[in-house]
Amino acid sequence: MFKRLFKKTKYITVSSHNLNEKDTTLEKPLIPDCMWSKCEKCGQIIYSKDLRKNHSICGFCKNHFRISAYDRVKQIIDEGTWAEMDKNLCSVNPLNFKGYNDKIEKAQEKTDLNEAVITGVGSIKGEKTVICIMDSRFFMGSMGSVVGEKITRSIEKSIENRLPLVIFTASGGARMQEGMFSLMQMAKISAALSKLSQAGLLYITVLTDPTTGGVTASFAMLGDIILSEPGALIGFAGKRVIEQTINKKLPKGFQTAEFLMKHGFIDKIVNRKNLKDTLSMILKLHREKCEFKSYKDITVNKVNTLKNKLDAWGKLSMARNEKRPTSLDYIDNIFENFMEFHGDRYYGNDSCIVGGIGILDGVPVTIIAQQKGRDLNENIERNFGMPNPEGYRKALRLMKQAEKFNRPIVCFIDTPGAYCGVEAEQRGQGEAIAKNLINMISLEVPIISIVIGEGGSGGALALSVSDKIWMLENAVYSLLSPEGFASILWRDSTKAKEAANIMKITSEDLKSYSLIDKILYEPDRDASKNVKVMSNIIKNNLIKEFNNLMDLDRDELLNKRYNKFRVIGEYKNKT
């Protein structure tokens, strides 16, 4: 049994001859250069075929790889619909820059492109569109005379055929070798885009990695709607230039898509896999000549003749109840395909103001809403329903956009008031509210505002200069909060209940003074008991009223709105 333990082991003798020589049988197998790709963000090695199947998105860290213009065509454009324009337009050497012609030829051979942008007409899920796609492989997507000319011709094509325009940006900025000819393309394209806007046509930009320099400072940031792929580098000046100028290290995430969205310059960050669907939906939301489908079948709710027993304080308490439906509850139940857009294009995005486009019975409608939270975390995110200046500026931007595309506007009001804080004052809270008031009175599209909860002071009025102002039965609309009223007049905020009952803040009070146009009665005296029924009441009233308002010509609409506010006030001549 133990003999095997002590059995002598036999070894094979190996010659040391040629051990130091290279054994060709041990060489690594030859792997084609394009078989594997390395993610620059996480360092993972990815099988290229799998990467392409995944829209060139890293499956480990979700990094979006840079892709060619023609790969973009395959991903976005319906098969068989792409018709390229101006393919043979090529660069010359206006400054006789040494070596420029040779570099152009090498770039053309390497990329199979004639220039840094391809342009054409194609369909995105059936929506015919003029499309420009930049390619950073060609001179880093820099903008010279040809890029400027091809994009300008595309804009003119959009105007001529009344088609929307989509531009995918990917650029290092100006083409150094073309000097001032390059710089002037920024003005040339912007001038053409001005004509596109005057024609009332949609322009969407999709910012991809990288979008910098003169492209950022011109057509990239002029879209009616600005989308971006996640993590894209977007900025005007380069990071090194900024660091050298300010002699400081820049923060992590600086000049990314996420950074720009936080600061109010991007409407939406969209994963590449969802880009085609997102673009298609935006294009559908901007179709011309839409009509309400079921207008003739609509019946609005009858007036509830039973007296509501709640006093003003009771209604205020109900309006503030955390179970009361929020603006987003109504948006989800009333509108189809609601798409939210972000940013004021100046400073930031205020999550207290929700804005976007949705479909109301077949008609695209711009929706602006003040949103409260249901718990502490959500209330912190929504700033307890108190908008900052950037919220009002975002609202005005979207309302101006609605005017351009002839869309009616509905505003949901639910705020204790505009945010009172040092930073809000520094950023011009008063100016932001004032600009909304003066602009809303002259918007050439119908506007309906609905107070669904609290309507607090100028913070509510900033979204209420409308053709029709409605209130839910248990909503309130006031000069300021009863607590503030009691503090100012009686220096005792504990008298808020008494203040509420003398301030005339209920829907019945305000309707009796003709300060609002309609009361929407709540199911079972409480909207929170049946959100769907309440939503249906609002929806039917909106369809009916918008249909009436859209029949008015421009002058009649604006005159009626002006006169609505002109006659407000109680006074007499002293005898």
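Backbone N, Cα and C define each Cβ position, glycine as well.
Going by Swiss-Prot, these are the annotated features:
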BINDING   Cys39, Cys42, Cys58, Cys61  Zn(2+) binding site
DOMAIN    35-301  domain 'CoA carboxyltransferase N-terminal'
DOMAIN    295-548  domain 'CoA carboxyltransferase C-terminal'
REGION    1-264  region 'Acetyl-coenzyme A carboxylase carboxyl transferase subunit beta'
REGION    35-548  region 'Carboxyltransferase'
REGION    265-571  region 'Acetyl-coenzyme A carboxylase carboxyl transferase subunit alpha'
ZN_FING   39-61  zinc finger
Cβ packing number for Cys61 (Zn(2+) binding site), 10 Å threshold:
13
Neighbourhood of the Zn(2+) site (Cys39, Cys42, Cys58, Cys61): other residues with Cβ within 8 Å of the Cβ centroid, in order?
Glu40, Lys41, Gly43, Gln44, Ile46, Gly59, Phe60, Lys62, Asn63
Could you list the residues of the same chain, at least six apart in sequence, whose Cβ is under 8 A from the Cβ of Cys58 (Zn(2+) binding site)?
Cys39, Lys41, Cys42, Gln44, Ile46, Leu51, His64, Phe65
Residue among the binding-site residues Cys39, Cys42 whose Cβ has the most other Cβ atoms within 10 Å:
Cys39
